[in-house]
Amino acid sequence: MSEKPVIFFDSGIGGLTVLKEARILIPELQFVYVADDAGFPYGAWEEDVLKGRILKVFTNLLKLYTPALCVIACNTASTLMISDLRQEFPHIPFVGTVPAIKSAAAQTKSGLISVLATPGTVKRAYTHELISSFANQCHVELVGSKKLATFAENYLRGYPIDYEELRHEILPCFVEKNGKYTDVIVLACTHYPFLISLFHKQALWSVNWIDPAKAIARHTRSLLLETMKNKSSKKNIKNYALFTSQNIDFVTERLLQRFNLNIMKGVDFGV
């Protein structure tokens, strides 16, 4: 591949929320979307085992591609090992996806913030450091869901989901404290924005849901300005999607077509 693509990585299809925004801002670049669906969901993995897995995926991936930049479009992976990836592959810029706690603290009026994430992101030291640095004057409720990422995968593919279960998963985000109510909820998993219309319907009261996808896309673009200087707008750029399981059903294939992604099979990720 002659192009230096921008690689987007996630455990599943959640990172498509970020890819979609990036392609709006930088359509002239080539994108490769990599989903470690064989390891999905990441939220319940033991940290050391998951670290080893992600490192192995990238070691094999970067034998195939020399990317202009890699976006870790996964909060669980980013909070776990964005520093490790930067250290292991110092010649490649990495952009992480971390809970938008700083933005939430700036927006809240009640001082009550909730972070809706996976169990892995909730327990991560990185997440707690963000709270200490940017929201130490707020009450921050950390809510780790084991089910929502899977709900999002199913919903996006057109499969039915249990709305009562979904409601049960988000209820802990709605906190009343001393007559004040949660007014900002951070979507700290890239899968969750796919469920935003359902969240609105199941919410106990109106809140501001923060989806960081646009901010990540803007940051990605800012780092690629030099790369884009010599690029002309091409109409026939081919963007690709790779899945570690190699098992892509018809529904997933049709979904990827909506995102203008061509499926590439036969890549050995070593996992």
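One is the number of the first residue shown, and numbering goes on along the chain from there.
Each residue, glycine too, has its Cβ placed from N, Cα and C.
Here the structure is a predicted model, which means the values were calculated and not measured.
Feature annotations, courtesy of Swiss-Prot:
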type: ACT_SITE; residues: CYS74; note: active site, proton donor/acceptor
type: ACT_SITE; residues: CYS189; note: active site, proton donor/acceptor
type: BINDING; residues: ASP10, SER11, TYR42, GLY43, ASN75, THR76, THR190, HIS191; note: substrate binding site
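Taking the Cβ of ASP10 (substrate binding site) as reference, residues of its chain lying under 8 Å away and at least six apart in sequence are, in sequence order, LEU16, TYR33, VAL34, ALA35, ASP36, ILE72, ALA73, CYS74, ALA77, THR190. In space, ASN75 is the closest of the binding-site residues TYR42, GLY43, ASN75 to CYS189 (active site, proton donor/acceptor), judged by Cα positions.
In the shown protein chains, 25 other C-beta atoms lie within 10 A of the C-beta of TYR42 (substrate binding site). ASP10 (substrate binding site) falls within a strand when secondary structure is assigned with DSSP. Apart from ASP10, SER11, TYR42, GLY43, ASN75, THR76, THR190, HIS191, the substrate site neighbourhood in this chain, defined by C-beta within 8 angstroms of the site C-beta centre, holds GLY12, GLY14, GLY15, PRO41, CYS74, ALA77, THR118, THR121, ALA149, CYS189. Note on HIS191 (substrate binding site): other Cβ atoms within 10 Å of its Cβ, all shown chains, come to 30.
The number of other CB atoms found within 10 A of the CB of SER11 (substrate binding site), across every protein chain shown, is 29. A count of other CB atoms within 10 A of each Cβ picks out ASN75 as the most crowded of the binding-site residues ASN75, THR76, THR190.
Take ASP10, SER11, TYR42, GLY43, ASN75, THR76, THR190, HIS191, the residues named in the record as contacts for substrate: the widest Cα to Cα gap among them comes to 12 Å.
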